[in-house]
Amino acid sequence: QNQTAVTEFILLGFSSNPVLRVSLFVLFSVLYSATLMGNALVFVLICLDYRLHSPMYFFLCHLSIVDICYASNNVPHMLGNLLGQGRTISFAGCGTQIHLYLIFALTECVLLAAMSYDRYVAICHPLRYFLIMNWRLCLTLTAVSWAFGFMFGTLQASLALRLPFCGPCNVDHFFCEILAVLKLACTDTTVNKVLIFAVCVCFLLFPLVLILISYLHILATVLHIQSVAGWHKTLSTCGSHLIVVGLFYGNAIFMYMVPGSGNASGREKVLSLFYSVINPSLNPLIYTLRNKQVKEALLNLQGRKRVFHS
């Protein structure tokens, strides 16, 4: 009987301290700008430099697209919240945030697994690399990543948004994160939480197992390499991907699969920041600094600009 028709939610965000809010605004603005510029630069480099037209960079290009979309889904509204431009978000807007958040997160889970398979083939079967990792397979793996992300993200979002909600609808988060919104439902959300856990098993644990198997095979191959140069090339190629995998899967598993970890709102916000702000800004930095070909492509692009201006 206390149930009300919800038309908007209130995002509580971070601290009400004005000095802290301004500091956070500056910090997150810098990180968001770095996300947009860094991932856009990686995308442009891969498109313009023919030497980067290979399966590994094809997947990296899609990862950059996911990171831009992922950050843009949450961060602009969060920055407006920090400036005091209104903490409310419509029910439709909240549903859109949940939907896109799930799509991009689940897509990245599958995409990172596909990238690990690409590294496995490149190191363990170098002579058959382009035969195995042909463009048909690359397109199929990418399409499957996006399709699975869209299907399961839509399923979870639709089930969550069909729940009855009661006022006041204060979301203790800086965006409409699904666990925070489920706490406001006026009914039992056990089915939704079981579904979230099941999807996490399929999109976190299963791909992570495949990634670990790939790198165990890579490690076995690396141990047979005699030259130091071969060791360095192999580790530099895989190191970037391992760092991204560790950051992404580690935060996701801790937040969604460790019992009780999603109940502490402060910790939940910090973990979400890694997804929305920190990880997307670090990914292009990690790949650029540890990848010789990307750095050479960047130097070539700078050389083209000098020639054009001269």
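Using the three backbone atoms N, Cα and C, a Cβ is placed for every residue, glycine included.
Whatever TrEMBL says is automated annotation, not expert-curated.
Counting only same-chain residues 6+ beyond the ends of the transmembrane segment (22-48), those with a CB under 8 A from a CB of the stretch are 14, 57-58, 60-61, 64-65, 67-68, 71-72, 75-76, 78-79, 82-83, 277-278, 280-281, 283-285, 287-288, 294, 297-298, 301. According to TrEMBL, the feature transmembrane segment maps to 22-48 (among others).
Sequence annotations record features per position, and here TrEMBL assigns domain 'G-protein coupled receptors family 1 profile' to 38-287. The average pLDDT for the domain 'G-protein coupled receptors family 1 profile' (38-287) in the predicted structure is 86.
Feature annotation from TrEMBL assigns transmembrane segment to 55-73 (among others). Counting only same-chain residues 6+ beyond the ends of the transmembrane segment (55-73), those with a CB under 8 A from a CB of the stretch are 32, 35-36, 39-40, 42-43, 46-47, 97, 100-101, 104-105, 107-108, 111-112, 114-115, 118-119, 122, 133, 135, 138, 141-142, 145, 175, 275-277, 279-281, 283-284, 287.
What TrEMBL lists as transmembrane segment is 98-117 (among others).
Residues of the same chain lying 6 or more positions beyond the ends of the transmembrane segment (129-152) and with a Cβ under 8 Å from any Cβ of it are 55, 58-59, 62, 102-111, 114, 117-118, 121-122, 199, 202-203. According to TrEMBL, the transmembrane segment annotation covers 129-152 (among others).
Residues or ranges marked as transmembrane segment by TrEMBL: 194-223 (among others).
Per TrEMBL, transmembrane segment is recorded for 235-258 (among others). Within the same chain, residues 105, 108-109, 112, 115-116, 119, 122-123, 179, 196-197, 200-201, 204-205, 207-208, 211, 215, 218, 222, 268, 271-272, 274-275, 279, 282-283, 286-287, 290-292 sit at least 6 positions outside the transmembrane segment (235-258) and bring their C-beta atoms closer than 8 Å to a C-beta of that stretch.
Within its own chain, the transmembrane segment (98-117) has Cβ neighbours under 8 Å at 56, 59-60, 62-63, 66-67, 69-70, 73-74, 141-142, 144-146, 148-150, 152-154, 156-157, 160-161, 175-178, 181, 199, 203-204, 207-208, 210-211, 214-215, 241, 244-245, 248-249, 252, 275, counting only residues six or more beyond its boundaries.
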